[in-house]
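Features as listed in TrEMBL:
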BINDING   B:Arg97, B:Arg141, B:Leu142, B:Gly143, B:Thr144  phosphate binding site
BINDING   B:Gln220, B:Arg222  substrate binding site
DISULFID  B:Cys92-B:Cys99  disulfide bond
DOMAIN    B:57-306  domain 'Nucleoside phosphorylase'
Protein chains: 2
Amino acid sequence: MAPILLNCMGNEHKDYIDESPVHVKNPNLFTMEEDILYHFSLGTKTHNLPEMFGDIKFVCVGGSANRMKSFAQFIHKELALPGNSDDILDICEGTDRYCMYKVGPVLSISHGMGVPSISIMLHELIKLLHHAQCRDVVLFRLGTSGGVGLPAGTVVITDKAVDYSFQAKFEQVVLGKVIIRSTELDEGVSSELLKYSKEIPNLPTVIGNTMCTHDFYEGQGRLDGALCSFSHEEKLEYLRKAYDAGVRNIEMESTVFAAMCKVCGIKAAVICVALLNRFEGDQITSSHDVLVEYQQRPQILVSYFIKKRLGLIA
Amino acid sequence: MAPILLNCMGNEHKDYIDESPVHVKNPNLFTMEEDILYHFSLGTKTHNLPEMFGDIKFVCVGGSANRMKSFAQFIHKELALPGNSDDILDICEGTDRYCMYKVGPVLSISHGMGVPSISIMLHELIKLLHHAQCRDVVLFRLGTSGGVGLPAGTVVITDKAVDYSFQAKFEQVVLGKVIIRSTELDEGVSSELLKYSKEIPNLPTVIGNTMCTHDFYEGQGRLDGALCSFSHEEKLEYLRKAYDAGVRNIEMESTVFAAMCKVCGIKAAVICVALLNRFEGDQITSSHDVLVEYQQRPQILVSYFIKKRLGLIA
């Protein structure tokens, strides 16, 4: 097992010349003297990005900084890497916008909440992977969500990321004009994840559509925001329509995540745990310990995937 | 001076019965047995919100957690409050979604980046102010931004918060339908801030429209993202149109901030410093020290406003 892992962890990224590179879709980047990744507090002149990141094969992103630190420590133990997992340093310590941890071939990054926040992170991550000459990278979003007709604790692997009208598209404004991008994710990675979920005990998992909203309260039909102009019955009617359109969970980042990964040729998957069943309520009332255990479920599944890919599990 | 300040800092909020309360626009909140403010890790059953927050008169919000902690320490010194400003505790320490500091009658909260992230914070903040029975609260967003035709370091007080088509409106999705909200801010507070800016040395300040985008790169016409499909000339043309429409800076939160405050009857203002002039570039290349000094400028202006209101400055 070790040689395979070491191969991924060294600076041997030139070995992967036949594998799929990360595409930036911006010719300007090839002529810029310096590129400052402002929200990471990294840059091409101040940091040797190929040396720091050239061996990255798996990037795992999630909203919460604490959760992505826990994931880094968890994957460190799972991959049985040398050193103390408590000593892992935040590579973005020069800023508080995001945090970033590197554990062998795995990068763990927080992205905050909502499409704009994750979109800034993705622009700079994709540029980072490009500058570092990474190849054949798989990108996972590990998140929390509201379940639609599913019990709390269920893990949802996203089939299609859909908008508030249940369409698999993302609207991007470019210089004042709206353009539409596809939100298709990688079917191969999703199927592989679903297959592995059946090999892990106590990991109830489904595949379904994920609705991405720009708001946690009115946009998701919650009755408990500072503003609410609709009835309980109207809320349930909207959730029923979502369910009928194949939606199994609701979160706030999947459409832009899918859209940007697709444009840049990066295989990507979204794996979110449902913290509640939205047909039954709006408030997240489970205890801290229960919520922590739920949030570990996507991490366990993605860790299993990574270990399979690295040959650490037969 | 002290009696005025003490009056605002005690639990004497019942004295303000004739002043303007914070309106929630949701009848459900009046019948809920418990309200869990999930992203603050606070709740009506677990915390005595009137006791903790009843004396709040000024709420200052900004994207970065570190910056809002610095602001809390700064305002602690400015108001000459007892105790060590380094000892101020994060009230939201049970979560890493936001941080929150209370300094006498001032609350300082971080909101992350983008409309969805600040919108979650605003829902829970407005509910918190309502549960705490706060009255006559002024809300400030202190941010960073890209300047449009302004030198770096200029402070922009927002006249109108506008969208990518330069219109003063915010589109909110409610149960799958788009509704339009006005983004008008409080003229009185803005004029007062502009007047005070002239009394403070080295604080170049203008009033102008602020464009709010949902993206830092393509939406703001940056040439240096992972994706860019337009030319330098097309970028400049868009910025010129924005300038002609009165836009003086670009950021990512002002429209929903203005819209929600207006609906809930909260006087609000947006004060952002320009970190660069977007006609001259896209990357933020100023040194760390220069950027730190720029970011203090909105804080200095808002602190001056608060001290004036509290009678600490004649």
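Using the three backbone atoms N, Cα and C, a Cβ is placed for every residue, glycine included.
The two recorded residues B:Arg222 (substrate binding site) and B:Cys99 (disulfide bond) have their Cα atoms spaced 30 Å from each other. With all protein chains in the displayed structure included, the most crowded Cβ environment within 10 Å among the binding-site residues B:Thr144, B:Gln220 is that of B:Gln220. Long-range Cβ contacts of B:Arg97 (phosphate binding site) within its own chain (separation 6+, distance under 8 Å): B:His39, B:Phe40, B:Gly112, B:Ile120. The full span of the recorded phosphate binding residues, B:Arg97, B:Arg141, B:Leu142, B:Gly143, B:Thr144, taken as their largest Cα to Cα distance, is 20 Å. Other Cβ atoms within 10 Å of the Cβ of B:Leu142 (phosphate binding site), summed over all protein chains shown, number 27.
Proximity to chain A (Cβ-Cβ distance under 8 Å) holds for the following binding-site residues out of B:Arg97, B:Thr144, B:Gln220: B:Arg97.
The binding-site residues listed here are B:Arg141, B:Arg222; among them, B:Arg141 has the most other Cβ atoms within 10 Å of its own Cβ.
A Cα-Cα distance of 20 Å separates B:Leu142 (phosphate binding site) from B:Cys92 (disulfide bond).
Note: the CA-CA distance between B:Gly143 (phosphate binding site) and B:Cys99 (disulfide bond) rounds to 16 Å. Around B:Cys99 (disulfide bond), taking its Cβ as the centre, 22 other Cβ atoms fall within 10 Å, counting all chains.
Rounded to a whole value, the Cα-Cα separation of B:Gln220 (substrate binding site) and B:Cys92 (disulfide bond) is 32 Å. In sequence order, B:Phe40, B:Ser41, B:Leu42, B:Tyr98, B:Cys99, B:Met100 are the residues of the chain that are 6 or more apart from B:Cys92 (disulfide bond) and have a CB within less than 8 Å of its CB.
Under the DSSP three-state reduction, B:Arg222 (substrate binding site) is assigned to coil, being neither helix nor strand.
The average pLDDT for the domain 'Nucleoside phosphorylase' (B:57-306) in the predicted structure is 97.
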